[in-house]
Amino acid sequence: MADEKRSSIIDTTDEDDRELVALGYKPSFKREFTNLSTISFAFSIMGLCSSIATTFNTPLTLGGPATVVWAWILGASMCFTLGASIAEIVSAYPTCGGLYTASAELVPREYRGRVAWLVGWLNTLGQIAGISSTEYGLANMILSAASIGTNGSFQITSGKRVGLFAGLLVVHGLLNSLATKHLARLTKGFVFVNLGTTFVIIIVLLAKTPRAEMHPASYVFGSSGIINQTGLDGHPGWPTGLAFLFGLLSVSWTMTDYDATAHISEEVRRAAYAAPSAIFIAVIGTGLIGWLLNIVLVLCSGPFENLPGESGSAFLEIIVIRAGKTGALIIWVFVCMTAFFVVQTALHAASRTVYAFSRDHALPDRGYFGKNSNRTHTPLRAIWLTTFACILPGLLDLASPIAAGAIFSMTAMALDFSYVIPIFCRRVFEKHPDVMFKPGPFYMGNGWLGWACNIICICWTIFICIIFSFPVNLAVTPSNMNYASVITVGVIVLAYIWYFISARKHYVGPRSNLKDDDVVAIQQDSHSETSETTKA
C-alpha cells in the first residue's frame with residue numbers, strides 16, 4: 001500500500017523533483033524540456049528580429065540613427081546585469097512561480113504575504129499586457145504586409161485588426177493545450193527560425209546595398225546621426241539627451257520577460273542548471289546579435305527623410321528598399337513567425353504563473369485554476385483563463401485605442417519592478433534567520449561581481465522606469481500621453497487595497513501543497529534509497 005501511495009503521489013528518484021519537494025511543492029508536470037528546448041524557449045520569448053521590427057521606429061524617429069545603435073548596446077549592457085541577477089535567483093528557486101515564489105522566500109515571514117502579493121500581481125498583469133500587446137503588434141504586422149502586397153487596396157480597420165488579434169490568441173491557446181512533450185518538441189525549432197531570420201536579414205541588406213549607398217560611420221555611430229525629433233507641430237521638443245534616452249525603450253522592450261524560462265522550471269530537466277543558463281545565454285545572445293542587426297539596418301537605411309515610409313514601419317521599409325517588395329514580404333513571413341513564437345512562449349510562461357498564483361490561493365477561485373489536466377499534465381484551466389484575459393485589452397481598441405495603448409504601456413514597467421523587488425530583498429535579508437539565502441548552481445558569489453550586478457540592475461531599473469514615464473513627444477495630447485506610470489501605480493494601489501480588505505485573511509504567500517501522507521511517502525522513499533545505497 002505504501003509503495004502504491006509513493007508511486008501515485010511522487011517520484012523522488014528525480015533530483016529535480018526532490019529539489020521541488022524541498023521547496024514545498026508536489027511535482028505536477030512532466031519534465032520534457034531539454035537543454036536545447038529550454039534555450040530555444042529563452043531566445044524565443046525575446047523574439048529578436050520581430051521585437052526590433054516593432055520597436056525600431058522609436059529610437060530612429062525620436063533620437064536619430066546613431067541613437068538606435070548606441071542606445072541598444074547601452075541598454076543591453078545593463079540588461080546583462082539584470083539577466084544575471086534573475087538567473088541567480090531562478091537557480092536557487094526553480095519553480096513555476098518564478099520570481100513571485102522566490103520573493104516570498106527572500107523576506108522575513110512577517111512580510112511574505114505582502115511582498116509576494118505585490119510581485120505576483122505585477123508579474124502576472126505585466127505578462128498579460130505583454131502578450132496582448134505583442135499579439136496586437138503581430139496582427140498589425142500581418143495586415144501591413146497584406147496592404148503592401150495589394151499596393152494599398154487592402155484597407156486596415158479596427159475590426160479586422162481586433163478580429164485577427166483575437167483569432168491568433170485562440171490559436172495560441174489551442175497550441176498551449178498540447179501535452180508538455182509536444183510543446184518541448186515544438187519549441188526546439190523556434191531558436192533556429194529566430195536567429196536564422198535575423199542573420200538572413202543582415203546578409204540580404206549587406207549584399208543588396210551598394211557600397212556607395214551605405215551611410216558613413218559618422219552617421220551610424222557619430223554626432224551627425226543624432227537627430228532630435230521629439231517636437232510636434234512646431235514645438236521645440238525634449239532636450240537631445242532625453243531624446244537619446246528614449247531610444248532605450250526599444251532594447252528594454254525587446255529584452256524583457258527574463259523570468260519566463262523560470263515559469264517552465266517544473267517542466268525542465270536539471271532545472272536549477274538549465275533554466276538560469278538559458279536565461280543568461282539568451283540575454284547575451286540577444287544583446288550582441290541585436291546590436292549587429294541594428295547597426296546593419298542603420299547602415300543600409302537609405303535617406304533618413306524617407307523613413308518610416310508608407311508602411312509605417314521603418315524596419316520593413318528598409319528591407320523593401322534593398323530586397324524589393326517580393327523579397328521583403330518573403331522575409332516578413334519569417335519575422336511574423338518569430339513574433340508568433342514570442343506569444344506562444346509568453347502564453348506558456350504566463351499560464352504557469354497563473355497556475356502558481358491559484359495554487360497558492362492568491363486568486364479568489366479556491367484553487368480551481370491551480371490544477372493540471374490528468375490527460376495532458378498541463379494547467380488547461382489556467383491556459384484558457386490567461387488566453388481570455390489577454391484578449392480583453394485588445395478589445396479596448398474598438399472603443400478607445402488610447403485606452404488599449406495605456407494598458408499595453410504598463411508591460412515593461414510592471415515586469416521590471418517585479419524583477420528588482422526580489423533582487424533587492426535578497427541582498428537586504430539574505431542573512432535573516434527566516435531567509436538564509438542558499439544559492440543554486442548559477443551563483444555569482446558574494447564578492448564584488450555579484451554585488452555590482454545586483455546594485456547596477458536595481459539602479460538601472462529605477463532609472464529606466466522614470467524614462468518609461470515620460471511622454472516621448474511635445475506638445476503632450478491625450479493621444480500621445482504616456483500612461484505607463486499611472487497604470488502601474490494604479491495596479492499597485494488596487495492590489496494592496498484588495499489585499500488589506502480581503503486577501504490577507506486567506507493569503508499568506510506561497511504555500512506548500514504537500515500533504516502529510518505525501519511527506520511520509522517521501523521520507524519512506526528516501527529511507528529506502530539510502531538503505532539500498534548502503535547495502536551496495
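The backbone N, Cα and C atoms fix where each Cβ goes, glycine too.
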(message) Labelled transmembrane segment by TrEMBL, one stretch among 36-56, 120-140, 246-266. Can you tell me which?
(response) 36-56
(request) Report, as numbers and ranges, every residue of the chain located at least six residues beyond the transmembrane segment (36-56) whose Cβ falls under 8 Å of a Cβ in that stretch; write 'none' if there are none. (result) 68, 134, 137-138, 141, 184-185, 187-192, 194-195, 197-198, 201, 249-250, 253-257, 260-261, 264, 268, 274-275, 277-279, 281-282, 285-286, 289-290, 293-294, 297, 313-316, 335-336, 338-339, 341-342, 344-346, 348-349
(message) Is it the case that the transmembrane segment (482-501) and the transmembrane segment (319-343) touch, counting contact as three or more CB pairs under 8 Å in which the residues of each pair are 6 or more positions apart?
(response) no
(request) Residue list, the transmembrane segment (68-90) vs rest of chain: Cβ under 8 Å, 6 or more residues beyond ends. (result) 56, 59-60, 98-99, 102, 106, 220-221, 225, 244-245, 247-248, 250-252, 255, 258-259, 261-262, 265, 275-277, 279-280, 282-284, 286-288, 290-291, 294-295, 297-298, 416, 419-420, 422-423, 426, 439-440, 442-444, 450, 452-454, 456-457, 460-461, 464
